[in-house]
2 protein chains.
Amino acid sequence: MRARAFNSLFFFFTFILVSQSISSFHPLDPLTASEIKTIQHTIKSSHLGSTKNLTFQYVGLNDPDKRTLLSWLSNQSKTPLPRRAFIIARLENQTHEIIIDIKGNFIVSDRIYNGYGYPTPTSAEREEASSLPFTYPSFIESVTKRGLDMTQVVCHAYSVGWFGEEREGKRMAKISCNYRGGTDNFFMRPLEGVTVTVDLDAMAILGYYDRIRVPMPKAEGTDYRASKQKPPFAKRTNGMTVVQPHGRSFTIDGHMIRWANWAFHLGFDARVGPIISLASTYDPNKDEYRSILYRGYISELFVPYMDLAEEWYYKTFFDCGEYGFRLSAVPLEPTTDCPSNAVFIDVYVADQSSNPVKMSNIFCVFERAAGNIMWRHTETGIPGKVVREVRADVSLVVRMVAAVGNYDYVVDWEFKQSGSIKVVVGLTGILEVKGVPYTHTNQIRENVYGTLLAENTTGVNHDHFLTYYLDMDIDGQDNSFIKAKMQTATSILSDDDYPQIRGAYSKYQLMVTPYNRSEKWASGVYTDQSHGDDTLAVWSQRNRDIQNRDIVLWYTVGFHHISSQEDFPVMPTLTGGFELRPSNFFDSNPELKVMPSKPVHWPNCTFRP
Amino acid sequence: MRARAFNSLFFFFTFILVSQSISSFHPLDPLTASEIKTIQHTIKSSHLGSTKNLTFQYVGLNDPDKRTLLSWLSNQSKTPLPRRAFIIARLENQTHEIIIDIKGNFIVSDRIYNGYGYPTPTSAEREEASSLPFTYPSFIESVTKRGLDMTQVVCHAYSVGWFGEEREGKRMAKISCNYRGGTDNFFMRPLEGVTVTVDLDAMAILGYYDRIRVPMPKAEGTDYRASKQKPPFAKRTNGMTVVQPHGRSFTIDGHMIRWANWAFHLGFDARVGPIISLASTYDPNKDEYRSILYRGYISELFVPYMDLAEEWYYKTFFDCGEYGFRLSAVPLEPTTDCPSNAVFIDVYVADQSSNPVKMSNIFCVFERAAGNIMWRHTETGIPGKVVREVRADVSLVVRMVAAVGNYDYVVDWEFKQSGSIKVVVGLTGILEVKGVPYTHTNQIRENVYGTLLAENTTGVNHDHFLTYYLDMDIDGQDNSFIKAKMQTATSILSDDDYPQIRGAYSKYQLMVTPYNRSEKWASGVYTDQSHGDDTLAVWSQRNRDIQNRDIVLWYTVGFHHISSQEDFPVMPTLTGGFELRPSNFFDSNPELKVMPSKPVHWPNCTFRP
C-alpha cells in the first residue's frame with residue numbers, strides 16, 4: 001500500500017478501538033518483557049543453551065519486511081504478522097546472529113559471524129572489566145605512589161578502536177580511571193597516564209602502563225549540585241509552569257502517538273534508542289493522512305578525540321555501536337528534564353542473560369508553547385481598516401536523554417503543525433578532561449590539543465557526528481532526492497586516518513541510498529574494533545539507482561567541540577539539528593486550517609510555594 | 001568608565017531608587033512625547049519654520065558621545081548630559097541635517113546634504129503618492145478595461161532603487177496596486193503590469209505604463225482569517241498557558257530591563273526599531289556586572305527580488321533606510337504574538353510635522369520556559385550511587401514585529417542565563433506575488449523567477465539580508481576579533497549589479513570595523529535612491545586598526561527565499577539568527593550558580609473556557 005491509505009477514517013476507527021482495549025499491538029512495537037523472557041527460554045532450551053558462557057550482546061526486534069508490513073497495515077484483518085527477534089550472542093568466543101520466532105518459540109536461523117569487529121559489550125562485561133585493576137598489583141602501586149586513596153578510585157571500560165593492526169582475534173577494552181575523592185564529579189579528576197588493557201572474553205588484563213604523572217586536578221569547584229554551591233549565586237528567577245486546563249491534546253495508544261495532524265509510532269531499540277516510524281500527517285486540503293517518514297533514528301554517534309598522547313589517541317568512540325543507548329538512556333526528571341505537562345514512557349530491555357529490565361521514564365512527550373509565532377500578518381494597507389491575524393506556535397516534542405558516560409545527549413523529535421519534523425540534539429553533561437601540569441595558559445609551550453579549563457585540567461578537542469537514518473516515504477515509497485545548497489560540517493581527520501576509515505560515512509553531511517533492510521547502522525553491525533569495511537561509506541559506493549525509488553537519507557549533524565572555561569565543571573547545553581520541512585507537498589499552508597485553541601483563563605487559583 | 005562598574009551594589013541602589021520615582025531617566029532613552037513636541041516648536045520658531053513645506057523625515061536621539069556617556073554613567077551625580085536630537089528634514093526640495101539641543105530649545109547645527117540618495121519618505125508622503133493614480137485617467141482606464149471595480153483597488157508606494165542613472169535630481173517612488181475585491185489579502189491579487197512613477201517632492205505622476213495583462217488571481221482561498229476558513233480543519237489542540245504564581249522575575253525601570261543576571265537598556269529608533277544598549281551580565285564568580293554589548297540593532301534589511309520584468313526589476317528594497325521601523329512596527333497581540341506572561345511597552349515617534357504619535361504594545365518582554373534543558377548530568381559511574389542534577393532552561397525575550405508591507409519580521413533578542421545573547425528573526429506574513437498566465441506548472445516554458453503557488457500566482461525568488469550592528473564591549477571597549485570558521489550565506493547578485501553595489505555590505509556574513517559614531521546604518525544615511533558610495537562596504541575598506549580597539553561587529557543573517565506552495569496564502573514562520581556565546585569569558589559555567597526556582601504547584605484552581 002501507499003501510506004496515504006492512513007486516511008482519517010482509519011484514524012478514527014483505531015482511536016475508538018483503543019478505548020476498548022488497553023493498548024493496541026503494533027508490529028513495530030519494541031520487545032515486551034514477556035517476549036524478552038521467551039527469547040531467553042527459547043535459546044536456553046535449544047542446542048545453544050548448554051553452554052555456560054552464553055551472553056546476549058544485542059536483543060531487538062527483527063524488523064518486519066517493509067513491503068509485507070505496509071501491506072499488512074493496509075488490511076489489519078489478515079493473519080497476524082510473524083513476530084521475530086534478532087539476537088547477537090557471544091558463545092565460545094564466537095559471535096552468533098540468531099533469529100527467533102517469538103510466537104512459535106523456535107530458532108529460525110543461527111549463523112556465526114566471522115568478519116571484522118565485535119558486538120557491543122554488555123554492561124556486565126564492562127563492569128567486570130572495570131573491576132580488574134583493583135586487584136592488579138601494578139595498578140595499586142600507581143594509585144599508592146600518587147598518594148591517593150584506593151577506595152576513592154573509579155574505573156570505566158572504553159572501546160579500543162582500530163588503528164590498522166592485523167586481526168588480533170581478541171575482543172578488548174581499555175580501562176581508564178578517575179578519582180572521586182572530594183567530589184562526585186570524578187570526570188574532572190582523571191588518573192592521568194594510567195591505562196589498563198583487558199581481554200573481554202578471557203576477562204583478564206592484557207596490558208598495563210603508567211606513563212606520566214601530573215598533579216591531580218582539584219576537587220574544589222567541580223561539584224555541580226545546587227546543594228554544593230556557595231554564594232554569590234546567580235540572580236534567582238521565579239518558577240513558571242505550563243498549564244493545560246482543558247487537558248492534553250495528544251493520545252498514546254500502545255506505541256502510537258497522535259497529536260494535532262500527526263500520527264507516528266515511537267519505538268525503542270537497545271542500540272539506537274528512540275525510533276520514529278510511520279509518521280504521517282493529516283492534510284486538511286485533501287482530508288486524508290499522508291505518509292512522511294517510514295523510519296527515523298540516530299544510526300550512529302561518532303566522537304573522535306584529537307589528542308595524540310598514548311592515553312588519548314584511541315578515544316574515537318562510536319556511541320551507538322560500541323556503547324548503545326540501552327546502557328546510556330537515563331530516567332528523565334519531571335519538571336526539569338521535561339516540563340510539567342509531559343507524559344513519561346517506560347521501556348524494557350534485555351540484560352546479558354536476556355532477562356527483561358525495566359527502564360522507567362525513558363521517554364517524555366509534551367506539547368511545547370515556547371512563545372513563538374506560527375504565522376501572523378498585520379495588514380494596514382486597506383484604507384480605514386486593520387486586519388490582524390496571529391497563531392501562536394505549539395508543537396509536540398518526544399525526548400530521550402542518553403548519558404554516554406560523561407556526555408549527556410538530549411535527543412528531541414519535534415513535530416510541528418506546519419508539517420515539519422524538527423530534529424534537535426542538545427549536548428551537555430561533563431567534558432572528558434585531561435590532567436596536565438599547567439595551572440595557567442602562559443605556561444603552555446606545546447600543543448595541548450585543547451583548552452585549559454581550570455588548574456591542571458584541559459578540555460580535549462573533539463567532534464560529535466550524529467548520523468540520522470531517515471527512510472522518507474513521502475506519499476509512499478517512490479521518492480527522489482533533489483539537491484539544494486548544502487553546507488558541510490565535516491571531520492578534521494584525514495581520510496587515511498584509521499578512525500576516519502571507520503567513521504568515513506560521516507564525511508558528508510547528507511547521503512542518499514536505496515532502502516535496504518540490512519543497511520540500518522551507518523557504522524556497520526559490528527562496530528567495536530571494526531575496520532570500516534561494512535559501513536554506509538562502502539554501501540553508498542555501489543552506485544545504485546536512487547531516482548524514484550524507496551530511498552533513505554543519512555543526515556549527519558556535526559559539532560567541532562573546542563571547549564571553553566564555560567564548559568567547566570558541567571557544560572551549558574550546545575544545540576544542533578535540522579528540520580525536514582515540506583516544500584510543495586501541501587497545496588497551501590496547512591497551518592491556515594489550525595483553528596485557535598479556546599482561550600485559557602485562570603481567575604481563581606491558590607498556590608503553595 | 002568600564003561597564004564593569006555596573007556592580008551589584010549599583011544594581012540594588014538603582015532598584016530602590018525606582019520604587020520612589022516613577023521611572024528613571026537614561027541618556028539613551030528614546031525621545032519622549034514632550035521632547036518631540038519641543039523639537040517641533042524649536043524648529044518652527046526658528047528661521048526654518050517660515051517655510052510651509054517643511055517635513056520631518058527622521059526624528060531621533062542624537063547619540064551621546066560614547067566616552068562621555070560611559071564616563072557620565074560611572075558618576076551619575078555630575079551635571080546632566082546634554083540631550084540632543086538628530087533631525088533629517090526636507091525643505092524647499094533640499095535635505096537638511098539638523099541637531100537640536102532639547103533642553104536649551106535651540107538649533108545646534110543645520111547643514112544641507114548634497115550627496116546621493118534621499119531620506120526615508122514619510123508615511124504621509126507615501127499615502128499621498130499612493131492616492132495619485134485614482135484620479136489619473138490612464139490608470140482608471142487600465143482598471144476599467146480589466147473589468148475591475150475601482151473602489152476595490154488599493155495602491156502602495158515603493159522605493160525605486162538605483163540602476164546606474166546619472167543624478168536625476170528627483171525624489172521618486174513607484175506605485176503598484178492590488179485588488180481587494182473578494183479578499184482582504186489583496187497582496188495575492190496584483191494588478192500585474194501596471195506601474196506609476198511619482199515625484200515625491202512635486203507629488204505628481206512622472207510616468208505610467210500598462211505593459212501586460214494577465215488574469216487576476218482568484219480571491220478564493222486567499223483569506224487567512226480563522227473566520228473565513230471552511231472545514232475540514234486541522235486537528236484542534238487544547239489551549240495551554242504559562243503561569244508564574246510567584247510573579248515575574250524581571251523589572252522594567254524606565255527603559256532599563258533587569259532579569260536574572262542581565263541588565264540592559266531597550267530603546268526604539270524610527271529607522272531601526274529596537275536598540276539594545278549597555279547589556280551587561282552579573283558574573284557570580286567575580287560578584288560584579290561585566291559589560292557585553294554597548295549597542296545592538298538591525299542596521300539594515302536588504303530585500304532584493306530576482307525578477308527581470310519591467311514591473312519587478314526595481315524591487316530591491318532596503319527596509320530600514322527606505323521604509324523604516326517607524327512605519328512598520330505593529331501592535332503586538334497578547335497571548336498570540338507574545339505569551340500570556342508578557343509585558344507590553346509603548347513608544348512615541350514623530351510624524352512628519354514632529355507631532356508625537358503613540359505606538360502601543362510595540363515591544364513585549366517575557367520569560368520563556370520552552371521545555372529545554374539548561375544543563376544536566378546523570379552520573380551512573382559511582383558504584384551504588386546515582387547523581388542526577390538538571391536545570392530547566394529559562395530565558396528572557398524582547399520582541400518586536402515589523403510588518404513591512406506584506407512581510408512580517410519577528411525580531412527577537414533573547415537573553416540566556418549562560419551569558420549568551422541569542423538574536424533571532426522570524427519571517428512570516430504574505431509573499432509578494434506576481435500575476436502570471438499559468439494555472440499549472442506544466443504550462444511554464446520560460447524562466448518565471450519563482451514558484452507557481454496557485455493559479456495565476458507565482459512567488460518571486462528573493463533574498464533577505466538582515467545586517468546587525470553589534471558594538472561589543474566585552475569587559476570594556478578594547479576588544480579584538482578572533483576569526484573562527486564561518487559559513488557564508490551571501491547574495492546571488494553579481495558584484496557589478498546596481499542593487500548589489502548599494503547592498504555590497506551584505507556580501508560578507510561578518511565584518512569588523514573600529515567604532516565610529518557616524519557609522520550607524522550599513523546602507524548609509526540616505527538609502528533611498530542611494531548609489532552605494534557611503535555604506536559599510538566602503539567604510540570597511542579603510543584598513544583601520546581593529547586589534548585591541550573599540551570594535552563593532554556587523555553580522556548579516558541571510559535567507560534565500562525560494563517560495564513554495566506552503567507559503568500560500570500566508571507564510572509559515574521561517575527562522576534564522578545567531579548566538580553571541582561567551583567563550584573563556586567566565587571562569588566557569590555561570591549556570592552552575594543558577595539555583596532552581598521554588599517549585600510551582602496549582603492545587604486549587606477553577607477556570608472558564
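The backbone N, Cα and C atoms fix where each Cβ goes, glycine too.
Bear in mind that TrEMBL entries carry predicted annotations, made automatically and left uncurated.
The active site, proton acceptor feature in TrEMBL is assigned to B:Asp319. All protein chains included, B:Asp319 (active site, proton acceptor) registers 25 other Cβ atoms within 10 Å of its own Cβ.
Around the Cβ of B:Tyr407 (active site, schiff-base intermediate with substrate), the number of neighbouring Cβ atoms within 10 Å comes to 24. Mapped onto three states, the DSSP output places B:Tyr407 (active site, schiff-base intermediate with substrate) in strand. According to TrEMBL, the feature active site, schiff-base intermediate with substrate maps to B:Tyr407.
Per TrEMBL, domain 'Copper amine oxidase N2-terminal' is recorded for B:26-111.
Under the heading domain 'Copper amine oxidase N3-terminal', TrEMBL lists B:122-214. Secondary structure of the domain 'Copper amine oxidase N3-terminal' (B:122-214) per DSSP (helix as H, G, I; strand as E, B; remaining residues coil): 28 helix, 28 strand, 37 coil.
What TrEMBL lists as domain 'Copper amine oxidase catalytic' is B:241-488.
Annotated 2',4',5'-topaquinone per TrEMBL: B:Tyr407, in sequence order.
Annotated signal peptide per TrEMBL: B:1-24, in sequence order.
Cα of B:Asp319 (active site, proton acceptor) to Cα of B:Tyr407 (active site, schiff-base intermediate with substrate): a span of 10 Å.
A helical conformation is recorded for B:Asp319 (active site, proton acceptor) in the three-state DSSP classification.
If you take every residue in the domain 'Copper amine oxidase catalytic' (B:241-488) and average the pLDDT, you get 93.
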